[in-house]
Amino acid sequence: MTSTPADLAPYDALLLLSFGGPEGPDDVMPFLENVTRGRGIPRERLADVAEHYLHFGGRSPINDQNRALLAALSTELGSRGVDLPLYWGNRNWDPYLTDTLREAHEAGARRVLAVITSAYSSYSGCRQYREDVAASVIALAAEGRAVEVDKVRHYFNTPGFVGANADGVVAAYGRLEPGLREGARLVFVTHSVPDVMEEASGPAGGAYSEQHRQACAAVAEEAGRALGTTPAWDLVYCSRSGPPTQPWLEPDVNDHLRALHAQGVPAVVVSPVGFVSDHMEVVFDIDTEAEETAREIGLPFQRAATVGTAPAFVAQLVDLMAERAEVARGGQPGQPALGPWGPSHSVCPVGCCRNTRAEKPAACGEDWQQPVLAGGTTGAAGGRDAVLG
Ligand SMILES: CC1=C(CCC(=O)O)c2cc3nc(cc4[nH]c(cc5[nH]c(cc1n2)c(C)c5CCC(=O)O)c(CCC(=O)O)c4C)C(CCC(=O)O)=C3C
Ligand SMILES: [Fe+2]
């Protein structure tokens, strides 16, 4: 484990940036309208998804999981002597990002380091958050507030993320009947995305599924060390939406379980490697639907834990913050990464995870420019202290 300087200079605040979710039945439709604004999701799909949330009392698990992650991060930061304020802001629900950044600015924050609750490159998992940050920073500049936001690199191939997933897989194998363990297939599941989003993901396209395959291979290999042999694995998808005419990544997890059963696979361990905690997709699409499919066809099924607040994952996120601060100071920190691609970029290249629908400014990228403050000065480092006194 790296030692973290108590000071994450030049940053003066930290941010957990997430998706947000409804907290009760009355929030469900307004939340879904926020999520799907301009995204071309059919109404029937919205009604279906509203049902998933209502099935759980209209409350998404995601906010409480983020609260737990914030608490775990605070403890880890505190144990390393870091006492920067840690904020939480969402794309689709309260606390909304702009309000959070305004509050941070009010309390004195000028350079904020963000961690996003998504491990992989894609428009939905990365650039859309960067667009949200840009929109918030621009809105605050119009109020005369200068805030700069950077993000940590993608963590799909970091030892802490891979290790925590591997621990979950090993524990799930341990819950299968002993006679079933050896032949049990390891089925990794992530969020499906439209083929066009997959093709635009990362700097050169195709990064979404490739990063997943690299993470899956690393998790399987690490789990294999504890299990005695590396399990055979597949990567499959859940939560397809959009019109049926639009191609999305396949196979769907339910179809895949049927196919495995037909091939004679005796059992499955399902690892939701695409999700950092037990989101609605995990508790509904996997624990409810896919589990039911497995039960229907008589396929023994164990679901591996998501990384959640696993200590190795939490420590990894704090390591990434320390690394990113060193990069911002002009240093060259070690950047541990498993698999062929090595460490992901800290600043997104131009065109990375391109928005295929519209061109919007995106923060944390090579082509991002801090907006001009109301009053005529830029918010860029150097000028801002003079402006704001
Ligand atoms: C790649 C990806 C992640 C990243 C993985 C990550 O960040 O972990 C992610 C996260 C999440 N997605 C979430 C919820 C929703 N996503 C939707 C719609 C969509 N997601 C997409 C992709 C992704 N989504 C796409 C391509 C669409 C179609 C519309 C569009 O092109 O934008 C819809 C609309 C209804 C529907 O279509 O299903 C909902 C309600 C929640 C909250 C869950 C909770 O409440 O616990 C979370 C964390
Ligand atoms: Fe989603």
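Cβ atoms are placed via backbone N, Cα and C, with glycine included.
TrEMBL labels come from automatic prediction, so no person has curated them.
Feature annotations, reproduced from TrEMBL:
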{"type": "BINDING", "residues": "S60, Y129", "note": "Fe-coproporphyrin III binding site"}
{"type": "BINDING", "residues": "H191, E281", "note": "Fe(2+) binding site"}
* Asked: Between E281 (Fe(2+) binding site) and S60 (Fe-coproporphyrin III binding site), how far is it from one CA atom to the other, in Å?
  -> 10
* Report, in whole Å, the straight Cα-to-Cα distance of H191 (Fe(2+) binding site) from Y129 (Fe-coproporphyrin III binding site). => 16
* To do: Sorry to bug you, but what's the C-alpha spacing from H191 (Fe(2+) binding site) to S60 (Fe-coproporphyrin III binding site), rounded to the closest Å?
  => 16
* To do: For ligand 1, pick out the binding-site residues S60, Y129, H191 that have a CB under 6 angstroms away from one of its atoms.
  => S60, H191
* **H191 (Fe(2+) binding site): secondary structure state under DSSP, collapsed to three categories** => strand
* Asked: Among the binding-site residues S60, Y129, E281, which residue has its Cβ surrounded by the fewest other Cβ atoms within 10 Å?
  -> E281
* Structure fact -> H191 (Fe(2+) binding site) has its Cβ surrounded, within 10 angstroms, by a count of other Cβ atoms equal to 24
